[in-house]
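Participant: What follows is a structure written as structure tokens; I'll ask about it next.
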Amino acid sequence: MSLMLEPNPTQIKEERIYAEMGLTDEEFAMVEKILGRLPNYTETGLFSVMWSEHCSYKNSKPVLRKFPTTGERVLQGPGEGAGIVDIGDNQAVVFKMESHNHPSAIEPYQGAATGVGGIIRDVFSMGARPVALLNSLRFGELQSPRVKYLFEEVVAGIAGYGNCIGIPTVGGEVQFDPCYEGNPLVNAMCVGLINHEDIKKGQAHGAGNTVMYVGASTGRDGIHGATFASEELSESSEAKRPAVQVGDPFMEKLLIEACLELIQSDALVGIQDMGAAGLTSSSAEMASKAGMGIEMYLDDVPQRETGMTPYEMMLSESQERMLIVVKKGREQEIVDLFEKYDLAAVTMGKVTEDKMLRLFHKGEKVAEVPADALAEEAPIYHKPSKEAAYFAEFQAMKMETPKVENYKETLFALLQQPTIASKEWVYDQYDYQVRTSTVVTPGSDAAVVRVRGTEKGLAMTTDCNSRYIYLDPEMGGKIAVAEAARNIVCSGGEPLAITDCLNFGNPEKPEIFWQIEKSVDGMSEACRTLQTPVIGGNVSMYNERSGEAVYPTPTVGMVGLVHDLKHVTTQEFKQAGDLVYVIGETKAEFGGSELQKMIHGKIFGQSPSIDLDVELKRQKQVLEAIQAGLVQSAHDVAEGGLAVAISESAIGAKGLGATVKLDGEATAALFAESQSRFVITVKRENKEAFEKVVEAIQVGEVTSTNEVTIHNEENEVLLTANVDEMRKAWKGAIPCLLK
């Protein structure tokens, strides 16, 4: 039996075995003090996963406290499986985003698939039916064979899981930069709907109540996954494939239906997903949140491998498992319910009053630790922070407009940059129409899903321009939230709240910690100004390979409320003769832009700037015009500037083009990436009414010529481009790079 091989408490201390599990000398001394004795092997394992950055946020908590987390509509902020926001009529939207970066770097298909599975469980553990999935992906340059492999496998993994489980993947974003070559980012978001009375918490109340294990059996996959996610990737990480879990979407589909039926039963007290740190986190957190303890008999854990030790069972991150607490005496009802779905439901313990997590195996007590010590009392570190050396240098640079010889060729080249190019190759692999509630499919500013039985819809998006955040973390943090809100507004939605996924390098490096602090400062300010509180999220640190960190990438997932589906607006032009308006001024801002990266092969200088009060004013005006029925199409101006935004609106339409006139220096007018700008089209008869509501400049009109023609203020033609040719270049870019 492998039990014989476990080191004893003295060996764990003297041979510093705890260090291999991720605990520091000081942390091990704290554990010894909490217990009043040396921990055994299982107990050391419990502390090592629960005190990892991934589970405890020990390095990021002081920064996360800056986020605004309350608001009129917020029913549940950070701290539970997912956040919840009221949408009226006794309904609420539940959503959360999480990362699965490290597993996806090692085993991309399963890493991405189980990332999707985990975030779905977070949402239905709150009592909500999952209705949509989104993702935000980062990879190196597609010229590299390894990157092509990671990209193809990650997309296949997301598709494989989401399509089988029957939840539409409706939106997302993909960006490519060399810094992600060895460390891709895979962030998955799930959105669910719930009635107020069905909201459930992951809390173990009521001494004597029964603790039950439901779902798939436990294997050795994913042991120490949380610890693995709290260290840098290296050559030896390849050997950690066992730390990557394997998902079964068909099992999860059954689990969703069983749990949603269970939630209607008054026998249920609390429910939580076994996510990172598996049984350890679910039991310790449920006990701690309720101010109770839990006693568990590990012989009763359904196991799919023989001879598993308590340590292995507690730390396994096998997928498709939930821990539930039910009223004493009602266990058989639960067993019967799960049996109907061919799922196991096993009694394995009870709730106690003494606040201890106590584990038994083969008649012996194998662990006894305070639940609060695991769930709440991890040390909190105030890491040293130091402004990155490059920042002052970039801020002092005198920025020059990139030299462009041929505007048309430059536009075509930009449309073929993988970050701008059509992502159809990606989303064509996703079933985005399953459940038949998708109103706006992938490819527009935000996806929209109808709320059945009402006239309402939910708009949703993921956004983050990591280049801006690298150049100026605080300004970039503001832009990430503002762009997400702009996308929601362009779709006809009122921004409600955000979930975030903070992807950074090693927080022990002062310059990385400075990036974390500053970007959170920027995001927090934007959330306050735009009234979109943070209702939950995830931190992913140590995204480095060979000491090189990824760009700071605090991804924003935002959900908005479309009050009436009549207001749903998309980015493509609708009919010839409509007037084209631009909202917002264009400045020669090229730092971190697609044009700068394309011409110079790198990014430098100052990021675009943003005034949040101006942003809010413009968003409110655009939303008011949309809700008044005055807007035909709306598109946010982002990567590639106005020329790309206008071209995208033409590409999305059939047989339409536009003739527009842009003032100012030509390269900036066409390609600068100034913030808070929109391209809007309006019916001619609504011109006056629209101009009363929105401060905008009419720049041209939609034509039936199938060409985009852009003039300068002297009326000289800067470029004329055939829309079919642009569409072909834009759609063909990613498939061509993958050949």
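Glycine residues also receive a Cβ, built from the backbone N, Cα and C atoms like all the rest.
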Participant: Swiss-Prot has SER99, HIS100, ASN101, HIS102, ARG121, GLN245, GLU317, SER318, GLN319 down as binding substrate; which of SER524, SER540, SER546 does it also list for that site?
Facilitator: SER540
Participant: Of the residues GLY22, GLY127, GLY537, only one is listed by Swiss-Prot in the ATP site with TYR57, LYS96, ASP500. Which is it?
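Facilitator: Same ATP site in Swiss-Prot: GLY537.
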Participant: Using a 10 Å cut-off between Cα atoms, which of these recorded positions sit near ASP500 (ATP binding site): GLU98, HIS100, ASN101, ARG121, GLN319, ASN538?
Facilitator: GLU98, ASN538
Participant: Within 10 Å of LYS96 (ATP binding site) by C-alpha distance: pick out those among the recorded positions HIS54, ASP122, ASP273, GLU317, GLN319, and say none if nothing qualifies.
Facilitator: ASP122
Participant: What Cα-Cα separation, expressed in whole Å, is found between ASP273 (Mg(2+) 2 binding site) and GLN319 (substrate binding site)?
Facilitator: 9
Participant: Fewest other CB within 10 angstroms, which one of the binding-site residues GLU98, ASP273, ASP500?
Facilitator: GLU98
Participant: Which of the three DSSP-derived classes (helix, strand, coil) applies to GLU317 (substrate binding site)?
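Facilitator: The three-state answer is coil.
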Participant: Taking the Cβ of GLN319 (substrate binding site) as the centre, how many other Cβ atoms fall within a 10 Å radius?
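Facilitator: I count 29 other Cβ atoms within 10 Å of it.
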Participant: Run through the Cβ atoms and count how many others sit within 10 Å of the one on ASP122 (Mg(2+) 2 binding site).
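Facilitator: Cβ-Cβ neighbours of ASP122 (Mg(2+) 2 binding site) within 10 Å number 27.
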Participant: Check the Cα-Cα distances from ASN538 (Mg(2+) 1 binding site) to the recorded positions HIS54, ASN101, ARG121 and tell me which is shortest.
Facilitator: HIS54
